[in-house]
Each structure stands twice: as C-alpha cells, then as structure tokens.
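*Asks:* One structure follows; several queries about it will come next.
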Amino acid sequence: MFSELLKKIVSGQDLAEDETTTMMDAIMSGEVEVPAIAAFMAALATKGETFTELAGAARSMRRKATRIQVSSNTVVDTCGTGGDGASTFNISTTSAFVVAGCGVTVAKHGNRSVSSKCGSADVLEALGVKLDTHPEVVEQGIEEIGIGFLFAPMYHSAMRFAMPARQAVGIRSIFNMLGPLTNPAGANCQLLGVYDPKLTEMFAEALKLLGARKAYVVHGHDGLDEISICAPTRVSELAEGMVRTFDILPEQLNIEACDISELAGGDAEENAGITKSILEGTPGPKQDVVVVNAGAALVAAGVAEDFKDGMAKAKEAIQSGAALGKLEALVKFTQENG
C-alpha cells in the first residue's frame, strides 16, 4: 500500500486525507525502510503538500502521541513552525505566560531549536523549567497552575522512525510542519506562526479538518513567524468553521512600528533574560510584540472581543504581575515535581 501511494505522489497526484494517514501510520509504526521514507518526504515536498495531506499526517501523529487530559474546555497553544530565520527572541513562548496570566489554560508544545539559536525548550530550560517532566506530572501542573510545557520528544516517540531519513535527506519536509498541529493536550485554540506566507491558509484549513475551534495562523511580511510590529502581517483566521485571510498593520493596533533588529534575541541565556524582563514589565518593542501576539491568542480563546481588547488584557496581565507569576509557578512546580 505504501509503495502504491508513493507512486501516486511521484506522479504529481494529491493524496486524500486518509491515504496520507495510512502512509504516516506505516512510517510511525516502524514498518517503512529509511530510503522509502526519504522518497516520501522528497516526493511530497516536490509536489507541494496540501492541507488535506497535512491534516492526514497530523491525525496519524496525534493518534501515536502520548496524550494528556485537560479538564478545561478551552486550551491554548502558541506553538509555531519556527524556521523563519529572523533570530528574534522567543516571542510565542513569552506570550504563553501572558495568556496564562489572563486565566486561560495553556498547553505550550515545543522543542529544542532546529534552525535558530534558541527554541522554546532551550529558553524555558534556561529559565529553570525542567523539560523531562513525566506527562502525568505535566497534566497535574496544567490543572493546578494553568500552564504546562509539552516537550515534544516526551510525547512523540514514534517520530524516531522518521529521524534517520530526515537527517539523511536534510530538506524541509512535512515533518517540519507537524509540531503545531499535534498538541498532545488537544489544544483547540491556537496562535500559530508559519515560516512562509503561502502556509497561512493551508494550516488554517488543516486545523479546521482537525477540529480546532478558533485559530489565527500568521506570517509577518518581514518574514516573522509571529504577528509582526515591524511590517504588515498576513493572518488566516479560522472561526465558526470558516477560514478568511487578511492583512493587519501595526498602526491598526495603535503600535509604533519598529525595526526588526529591535526584536533580536541571542542564545538561551540571553533570551531567558529578555523573557523575564518583559514579564517584569520592562516597556519597549519587545514587550509590544508579546502583547500583540498574546492579545491574538486571547481572541482565539474567546476571552477577548478583538485584537485591541486582547492587547489591553495582555498588558494588564504583565502590569499586575500575573504573567510573571505563571512563569515562577511553572519553574517551581517542575523543579519540585519533575
């Protein structure tokens, strides 16, 4: 079956969602040899992935994942694809604490850096969060403090079967896209940054197929896989089962546009310092971009009417100390229970 479907991709035909799921199930069960996995990756990348293929692959990966149960009806993730090459600080990770500071349940999915100096796992580790916390403990932490970090390798062990092929081929493939679509806590509200403007609608449509309630998939025209405050941002909104795409400009949000260099980060230690400084209330462009992104996540969660309302709530969570309190609570909880 795998080889038949591979021939279909090679001939330039798109797969149905269930066909992609079948291929991924075979890969993630260890049934497929490395050369065939490499061929699958390369053929799909050459043809160009569709949103149905993306959803089909994500569905398989979700089924194989170690799941955690969260009692809240609203669970937010701010995990993006990464790979934008912009070398900014960890905007979406910092935003996650602000969202949690507004009383919204956050299950932040993430990993170590692939292409940047510092991934979400790297900065959280530098902040004192224990990464290798058992899923049951993470589940408990989300219930008790309202936020948890889901370190991808702890939940997606079946991905090990694809790793040799990924390392051998060395190209950006469908596997680079699946992280934000495979949250082990089943996050139903997302702010999802992507590395290419062509992916915003594709990811929003995939999230629709996967049953997300509301999501914003974003890409800054300056290349950021976040809502940018340096340039317009392309936004694909999934709401009430419909996807619509629009651009949003910094001035529409009453934010003073800045140069992207003002959002620069560094290694894990430097980025940890930036995150802490923002959550402690230091004003400036770095705090502004976090407020904008957290604000959008709050709209996705249904606790803010629009981006400006979300931004006001995000700013209040920083100024009141609630956002910093969530970081401190997560560090304490993982250190004591990890």
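Cβ coordinates are placed from backbone N, Cα and C, and glycine is handled just like the others.
Pulled these features from Swiss-Prot for this protein:
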- GLY80, ASN111: anthranilate 1 binding site (BINDING)
- GLY80, 83-84, THR88, 90-93, 108-116, SER120: 5-phospho-alpha-D-ribose 1-diphosphate binding site (BINDING)
- SER92, GLU226: Mg(2+) 1 binding site (BINDING)
- ARG166: anthranilate 2 binding site (BINDING)
- ASP225, GLU226: Mg(2+) 2 binding site (BINDING)
*Asks:* Under 8 Å Cβ-Cβ from ASN111 (anthranilate 1 binding site), six or more apart in the same chain: what's there?
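*Replies:* GLY119, SER120, ALA121, PHE151, ALA152, PRO153, GLY179 - these are the non-local Cβ neighbours of ASN111 (anthranilate 1 binding site), listed in sequence order.
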*Asks:* May I ask which of the binding-site residues GLY80, ARG166, ASP225 is closest to HIS109 (5-phospho-alpha-D-ribose 1-diphosphate binding site) if we compare their C-alpha atoms?
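*Replies:* The smallest Cα gap between HIS109 (5-phospho-alpha-D-ribose 1-diphosphate binding site) and any of the binding-site residues is with GLY80.
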*Asks:* CB neighbours of the residue listed as 'anthranilate 2 binding site' within 10 A?
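*Replies:* Result for the residue listed as 'anthranilate 2 binding site': 18 other Cβ atoms within 10 Å.
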*Asks:* Tell me the Cα distance separating ASP225 (Mg(2+) 2 binding site) from ARG112 (5-phospho-alpha-D-ribose 1-diphosphate binding site), rounded to the nearest angstrom.
*Replies:* 16
*Asks:* Could you measure between ARG166 (anthranilate 2 binding site) and THR88 (5-phospho-alpha-D-ribose 1-diphosphate binding site) for me? Cα positions, answer in whole angstrom.
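*Replies:* ARG166 (anthranilate 2 binding site) to THR88 (5-phospho-alpha-D-ribose 1-diphosphate binding site), Cα-Cα distance: 26 Å.
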*Asks:* Counting across all protein chains present, how many other Cβ atoms fall within 10 Å of the Cβ of THR88 (5-phospho-alpha-D-ribose 1-diphosphate binding site)?
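*Replies:* That number is 27.
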*Asks:* Which residues of the same chain, at least 6 positions away in sequence, have a Cβ lying under 8 Å from the Cβ of ASP225 (Mg(2+) 2 binding site)?
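*Replies:* Those within reach of ASP225 (Mg(2+) 2 binding site), by Cβ under 8 Å and sequence separation of 6 or more, are GLY80, THR81, GLY82, GLY83, ASP84, ALA86, GLY193, VAL194, TYR195, VAL218, HIS219.
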*Asks:* Residues with Cβ closer than 8 Å to the Cβ of GLU226 (Mg(2+) 1 binding site), same chain and 6+ apart in sequence?
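*Replies:* Set apart from GLU226 (Mg(2+) 1 binding site) by at least 6 residues yet with Cβ under 8 Å, we have GLY80, THR88, ILE91, SER92, GLY193, VAL218, GLY220, THR233, VAL289, ASN293.
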